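Student: Quick one: structure below, then a few questions.
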Amino acid sequence: MRIILLGAPGAGKGTQAQFIMEKYGIPQISTGDMLRAAIKAGTPLGMEAKKVMDAGQLVSDDIIIGLVKERIAQEDCKGGFLLDGFPRTIPQAEAMVENGVAVDHVIEIDVPDENIVARMSGRRVHPGSGRTYHVTFNAPKVEGKDDVTGEDLVIRADDEESTVRKRLGVYHAQTKPLVDFYTAAAARGDNQYHKMDGTKVVADVSAEIAVLLG
Ligand code: AP5
Ligand code: ZN
């Protein structure tokens, strides 16, 4: 099964990716997590990406397309994969088509902008795995600690309110056009398109995703 999760910053892509990955046993490909790992490792790509991410802008299509191409070619992606945060521009989506990478399901998680800032201000992440929590909406078992490893949770560098607002602007300008792109593809029978109400509680959104994926 090949799935794309589409949605604004903070819509819950990473949260639902965790659920889908565990339930269906397919790897999550999060371009955001890959870039954060490169930053942590101090690679040239990471150093370049950090400036762009901290400004709430998008990393260049060429870099991202190269990263994803390499990742999808790996053995564990043969049985399917879950794309979280990619594609997020029309050229990225076109690159998938050009490379013959078809998808079965595009799942849009829809959350209005006014809900997003509150979500981001309470987000806590486990840097090693990308597991994501919220201080009130999705609290870890022990405050400030990852459920699986017990390691410390951190606040993401780009979750400051002014940066979140910039990221929302970039989402509407550059990523939202993918809704039409994949709706049109669905009309041609290339993929299925599902729009989910992402304002429901985490478990309800997961339950609805499980119904549509079967
Ligand atoms: P990326 O890491 O992909 O960030 P994003 O798309 O902005 O999305 P987020 O990770 O912020 O949100 P999410 O939808 O995963 O929500 P989450 O589940 O965490 O990208 C970061 C940066 O990298 C970009 O800005 C860009 O610079 C660069 N980049 C990445 N991919 C790129 C690409 N393809 N091209 C170019 N540049 C790229 O949930 C958020 C919070 O809400 C959490 O606290 C969570 O617990 C809580 N929550 C989740 N669901 C619910 C719910 N139903 N109810 C209440 N709270 C909830
Ligand atoms: Zn995410």
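Every residue, even glycine, has its Cβ placed from backbone N, Cα and C.
Sharing the record's features from TrEMBL:
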BINDING   Gly10, Ala11, Gly12, Lys13, Gly14, Thr15, Arg123, Thr132, Tyr133, Lys200  ATP binding site
REGION    30-59  region 'NMP'
BINDING   Thr31, Arg36, Gln57, Leu58, Val59, Gly85, Phe86, Pro87, Arg88, Gln92, Arg156, Arg167  AMP binding site
REGION    122-159  region 'LID'
DOMAIN    123-158  domain 'Adenylate kinase active site lid'
Student: Inside 10 Å of the Cβ of Arg123 (ATP binding site), count up the other Cβ atoms and send me the figure.
Tutor: 21
Student: Near the Cβ of Gly14 (ATP binding site), how many other Cβ atoms are there if near means within 10 Å?
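Tutor: For Gly14 (ATP binding site), the 10 Å Cβ neighbour count is 20.
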Student: Other than its close neighbours in sequence, what residues sit by the region 'NMP' (30-59), given a CB gap under 8 Å and a spacing of at least six beyond its ends?
Tutor: 13-14, 17, 67-68, 71, 84-86, 88-89, 127, 130, 156-158, 163-167, 169-170, 174
Student: If you measure Gly10 (ATP binding site) to Arg156 (AMP binding site) at Cα, how many Å is it?
Tutor: 12
Student: Out of Phe86, Arg88, Arg156, give those binding-site residues positioned within 10 angstroms of Arg123 (ATP binding site), comparing C-alpha atoms, in sequence order.
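Tutor: For Arg123 (ATP binding site), the binding-site residues whose Cα atoms are within 10 Å come to Arg156.
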Student: What count of other C-beta atoms do you get within 10 angstroms of the C-beta of Gly10 (ATP binding site), across all chains shown?
Tutor: 27
Student: Please compare the binding-site residues Arg88, Arg156 by how many other CB atoms fall within 10 Å of each one's CB, and tell me which has the fewest.
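Tutor: Minimum Cβ neighbour count within 10 Å, taken over the binding-site residues Arg88, Arg156, occurs at Arg156.
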Student: If you check the binding-site residues Gly10, Gly14, Phe86, Arg88, Arg156 one by one, which have a CB less than 6 Å away from any atom of ligand 2?
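Tutor: With ligand 2 as the reference and 6 Å as the Cβ limit, the list reads Gly14.
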Student: Within a 10 Å radius of its Cβ, which of these binding-site residues (Thr31, Gln57) has the fewest neighbouring Cβ atoms?
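Tutor: It is Gln57 that, of the binding-site residues Thr31, Gln57, has the fewest other Cβ atoms within 10 Å.
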